[in-house]
Amino acid sequence: VVSVTANGQPARFSLGPKHSFKGTPLEITLPFDLSRGQHVIVEVTYETSPSATALQWLTPEQTAGKKHPYLFSQCQAHHCRSMIPCQDTPSIKHTYYAQVSVPKDLVTVMSAVRDGQEVDPQDSGRIIYRFRQTVPMPSYLIAIVAGALESREIGPRSRVWSEKEFVDKAAFEFSETEAMLKTAEELAGPYVWGQYDVLVLPPSFPYGGMENPCLTFATPTLLAGDKSLSGVIAHEISHSWTGNLVTNKTWEHFWLNEGHTVYLERMIGRCLESEQFRQFKAIGGWKDLQDSVNTFGANNPLTNLVPSLQDVNPDDAFSSVPYEKGFALLYHLEEQLGGPEVFMGFVKSYIQRFAYSSVTTEEWKNYLFAYFKDKVDILNKVDWNAWMFTPGMPPVKPQYDTTMADACNALSQRWLQAKDQDLNSFKQSDVKTLSSHQVIEFLSLLLQEDPLPLTHVKKMQEVYDLNAYMNAEIRFRWLRLCVRSRWEEVVPLALKMATDQGRMKFTRPLFREVFNFEKFRDEALRVFLAHRAGMHPVTSGLVSKDLKVDV
């Protein structure tokens with residue numbers, strides 16, 4: 001921080017002691033007394049550092065085009081403070097306006113509406129882009145990208161942005177965006193953010209998607225060529241209501257963002273596909289929850305729906321729990337209170353009641369009881385303490401419709417029960433008749449059991465040629481299955497996938513899987529250390545913990 005002024009007058013400021021993950025407090029003393037309601041303009045002149053945790057600076061070699069550098073930010077949960085001096089808590093909302101100067105070969109976009117551009121008066125080799133976000137939002141949703149970007153129109157209020165190498169593929173993959181937006185509006189109310197663009201990032205982006213307002217960030221691992229992974233876009237669209245409009249007041253209440261967003265995402269799936277599809281997705285989500293509970297341990301308080309995060313880094317607490325335990329609670333309430341139409345009425349009303357504000361679980365629950373005032377006897381039968389403040393799996397497992405899952409269950413059981421002499425009964429048609437979603441489910445089921453014999457996975461490759469699948473969700477599960485069965489030739493493929501892209505959902509388990517294969521533990525470490533410098537700072541930090549590397 002270079003200097004601070006308040007209404008143009010110099011203001012005293014001090015930086016306090018650095019906290020391990022919260023950063024350094026900045027305290028500003030105003031040079032005048034304030035009267036109630038008086039407006040103050042505080043101006044902080046500062047620069048970020050190359051190691052700011054919100055930012056990843058990619059060299060040209062780390063991009064698809066290989067010619068220009070690239071910058072992107074990821075502020076959630078608490079990294080905005082490394083990029084902008086701000087009150088970095090989701091309990092506070094603000095509008096923002098920005099001007100960004102970049103070299104003229106590059107384009108910059110932000111989580112706001114584009115508001116014009118001009119040649120930089122200070123340097124004719126640069127362009128200034130302007131942005132305006134008029135809807136109040138929390139700091140974690142401020143986002144910026146600069147790179148050799150191109151865009152294509154994909155709807156009346158949507159464009160897709162990426163490097164030119166991905167842009168047509170992305171335009172195809174996300175062509176159903178407007179249909180999803182319209183469906184979401186019918187379910188949740190008007191879309192208030194104006195533009196809804198999608199930006200496809202370079203492969204090191206650590207998440208599947210990030211719901212930055214006006215500009216959803218998406219991983220290139222969604223570009224499967226068959227639109228089968230567009231559920232991530234349905235999820236990010238849903239955040240325009242649950243998360244961005246109604247926001248968790250602290251990260252302990254993260255399930256209010258994610259549980260409701262998964263619920264809305266699956267309601268969009270119900271409208272655009274079928275109720276059976278929604279049920280099928282819910283079954284997969286329950287499995288993801290079981291995986292998270294197994295990874296953290298069934299007694300780990302981080303598996304509470306509402307964990308205590310006192311002195312816990314929110315990055316360390318990130319898992320499927322707020323998403324899938326949250327969804328399971330909402331689905332359980334839907335079943336108890338009268339079905340999807342009735343419960344969706346509550347969700348829409350909750351969004352309208354708390355729009356533009358930040359909420360706690362207590363406020364959500366009080367509103368639920370007020371909305372269903374004639375069904376309080378049903379609500380009082382819910383074991384709220386077990387659902388919210390008890391670790392492990394939920395107290396009730398919903399009865400999902402298994403129609404679409406039955407084929408996956410049957411096929412996985414055949415493989416689990418097959419003896420060596422039965423292996424010739426498997427045919428390519430076993431998987432050719434399944435959708436991508438069902439192949440993912442089939443592999444997920446096998447991952448929940450003891451490892452298959454090596455003979456079986458080799459036969460599976462021979463018959464189904466799973467190595468040829470480029471769908472990242474399928475490939476990720478298939479490679480883990482092979483490593484677990486100790487297929488040595490697959491280890492390099494698993495490590496390649498772990499480093500060719502940096503989505504933590506894939507990278508962390510792949511590294512862990514190879515690390516747990518004793519013979520290749522050192523190889524996992526060697527590959528991680530060789531790639532660490534090019535990884536996103538949050539990803540490399542968490543993989544370091546997984547592999548017990550001293551940072």
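Glycine too: its Cβ is placed from the backbone N, Cα and C atoms.
No curator has checked TrEMBL annotations; they are predicted automatically.
Small disclaimer: the values here were computed from a predicted structure and weren't measured.
What TrEMBL records for Gln74, Cys75, Gln76, Pro206, Tyr207, Gly208, Gly209, Met210, Glu211, Arg503, Met504, Lys505 is peptide binding site. What TrEMBL lists as Zn(2+) binding site is His235, His239, Glu258. The active site, proton acceptor annotation in TrEMBL covers Glu236. The active site, proton donor annotation in TrEMBL covers Tyr323. Residues annotated as domain 'Peptidase M1 leukotriene A4 hydrolase/aminopeptidase C-terminal' in TrEMBL: 403-547.
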Pairwise C-alpha maximum, in angstrom, for the residues (Gln74, Cys75, Gln76, Pro206, Tyr207, Gly208, Gly209, Met210, Glu211, Arg503, Met504, Lys505) that bind peptide according to the record: 18
Neighbouring recorded positions, C-alpha within 10 angstroms of Gly209 (peptide binding site) - of His235, Glu236, His239, Glu258, Tyr323: His235, Glu236
For the recorded positions Tyr207, Tyr323, the one whose C-beta sees the most other C-beta atoms within 10 angstroms: Tyr323
Between His235 (Zn(2+) binding site) and Met504 (peptide binding site), the C-alpha gap once rounded to whole angstrom: 17
Rounded to the nearest Å - Cα separation of Met504 (peptide binding site) and Tyr323 (active site, proton donor): 16
Within 10 angstroms of Glu211 (peptide binding site), Cα basis - recorded positions out of Glu236, Glu258, Tyr323: Glu236
DSSP-assigned states of the domain 'Peptidase M1 leukotriene A4 hydrolase/aminopeptidase C-terminal' (403-547) in counts, ordered helix, strand, coil: 116 helix, 0 strand, 29 coil
Env. residues of Zn(2+) site, Cβ within 8 Å of mean position of His235, His239, Glu258 Cβ: Glu211, Glu236, Ser238, Thr242, Gly243, Asn257, Thr261, Val262, Leu264, Glu265, Tyr323
For Gln76 (peptide binding site): intrachain residues, at least 6 apart, with Cβ closer than 8 Å: Tyr140, Leu141, Met210
Residues that sit under 8 angstroms from Glu258 (Zn(2+) binding site) by C-beta distance, when 6+ apart in the chain: Gly243, Pro322, Tyr323, Gly326
Nonlocal neighbours by CB distance (under 8 Å) for the residue listed as 'active site, proton acceptor', same chain, sequence gap 6 or more: Val198, Gly209, Met210, Glu211, Thr216, Ala218
Listed in sequence order, residues with CB under 8 A of Gln74 (peptide binding site) and six or more positions away: Ala54, Gln56, Ala143, Phe205, Pro206, Tyr207, Met210, Phe217, His536, Val538
Neighbouring C-beta atoms (10 Å sphere around the C-beta of His235 (Zn(2+) binding site)): 24
